[in-house]
Amino acid sequence: MTEDTIAALSTPPGEGGIAVIRVSGPDSQNKVKQIFRSSRTDGNFNNKKMYHGQIVSPETNRILDEVLVVFMNKPYTYTCEDVVEIHCHGGMVPVKEILQLLFSYGIRPAEPGEFTKRAFLNGRLDLTQAEGVMDLITSKTNNLKNVAINQLQGNLKQKIDRLRDDLVSVMANLEARIDFPDEDIDVEDYHELKHRIDNAKVDINNLIASYDKGKIIREGIKTVIVGRPNVGKSSLLNLLLGEERAIVTEIPGTTRDVLEEVINLKGIPLRIIDTAGIRESEDKVEQIGVKRTRDSMEQADIILVVIDSSQELSQEDKQILTMAQDKTSLLVLNKTDLHEKLDIDEIDKLVSQIPKVRISALKEEGLDKLEEHISELVFGGQVMQTEELVITKARHFHSLDKVKEALSSAEENIKAEMSEDLIAIDIKEAYDYLGEITGETASEELVDRIFNDFCIGK
């Protein structure tokens, strides 16, 4: 348990009906009682019951706000410490005054993520659950929310703990051999050890394989809209967004920079990037935009190539199609509300493997088909399910990869009939890397880095 008491605003700053100030630590309840004037006269407060009253400055007897206060006794609180929540009126002035009063009584401002960090240090949460808290708060799709809830409920922790228990059993077997070297070692025992390691590797590989899906859920799909100037790229972006965010004019080359927006497609965040039109230009600013477009195409997960179907295929169109042919791409034939002059056979000769969809961004026609095609490119047209265990964090992936390497090394040493000491070192290494994920063996630097990414008040 920590010895100091902290406080911070736990709800978003700004105007609102209610703001919640959280206070945690050994002096939280005593300090708040000194500034809280309750409607009750006896001064006794029951655990986890809400009380009406006023926050008053004892020195001036000035009322700062009318509030509701909840006193929560350790260890059954978020931080496992004594906690008080002050529900005051939303707005910067009352919140600021109440916090300043608390700080004047020796309570210090909470650091980013410190409430959740205390929950971790006091054993209420492991690191994966703590990360689940932040993902739940910042989730923009149902899929990420579901994954976050799974982590918060301890599903990943339980999986890692089971794997660590299995490795403890293997290490105990090896240590027994080391401690009693005179006993005969049956070859079958080595086979059994290898069998246990193989089973652990299957689980590790399944978790590693889930990262591709988890990364999509967390980071989204980088989708780049490309095409020559004035084919309707910005109109397409606005159609996907359902609102006008990009400039739409008849002037070619209007979009000279890269615009990025995020949409929710079947639970997957699609990071849509509208780029400058690709064409030869003497304009230095436009040239920079074109270069950024090429760079975006190189880094894209999906490329939407927009072609004006009311015009014949131009040399610039052909150049863009050639650039996109080796990428995961979708050909968007825009302006279908106009007479079609495009020769589809000519396109097929260039890039027959790129799927096509016809739309009219101006008339808002073809959006459903477009989304179906994008969905097909991303995950085979299926709605991504998140009930199964997936990892979404790069640090989890890298730790699991190290676990896999250590277990593979142990298998090689068993196969080569190396000493139990060497095999035990590999198993212990795998055990510790698993502990990094849950926080059991994580360094103080890693823990600080994780919680520094949190917001103040969380």
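Numbering starts at 1 and runs along the chain as it is shown here.
Just so it is clear, glycine is given a Cβ too, placed from its N, Cα and C backbone atoms.
Annotation source Swiss-Prot lists (6S)-5-formyl-5,6,7,8-tetrahydrofolate binding site at ARG22, GLU85, ARG124, LYS458. The K(+) binding site annotation in Swiss-Prot covers ASN230, THR249, ILE251, THR254. According to Swiss-Prot, the feature GTP binding site maps to 230-235, 249-255, 274-277, an assignment based on sequence analysis. Per Swiss-Prot, the feature Mg(2+) binding site maps to SER234, THR255; the stated evidence is sequence analysis. Per Swiss-Prot, the feature domain 'TrmE-type G' maps to 220-379.
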Cβ neighbour count within 10 Å of ARG22 ((6S)-5-formyl-5,6,7,8-tetrahydrofolate binding site): 22
Extent of the (6S)-5-formyl-5,6,7,8-tetrahydrofolate binding site in Å [max Cα distance among ARG22, GLU85, ARG124, LYS458]: 19
Distance [Cα-Cα, Å, rounded] between ARG124 ((6S)-5-formyl-5,6,7,8-tetrahydrofolate binding site) and SER234 (Mg(2+) binding site): 49
Residues satisfying Cβ distance under 8 Å from LYS458 ((6S)-5-formyl-5,6,7,8-tetrahydrofolate binding site), sequence separation of at least 6: SER10, PRO112, GLY113, PHE115, THR116, VAL133, MET134, ILE137
Alpha-carbon distance [GLU85 ((6S)-5-formyl-5,6,7,8-tetrahydrofolate binding site); LYS233 (GTP binding site)] in Å: 50
Distance from GLU85 ((6S)-5-formyl-5,6,7,8-tetrahydrofolate binding site) back to ASN230 (K(+) binding site), taken between C-alpha atoms, in Å: 56
Per DSSP, three-state class assigned to SER234 (Mg(2+) binding site): helix
ARG124, LYS233 as binding-site residues, winner by CB count within 10 A: LYS233
Overall pLDDT for the domain 'TrmE-type G' (220-379), taken as the rounded mean: 78
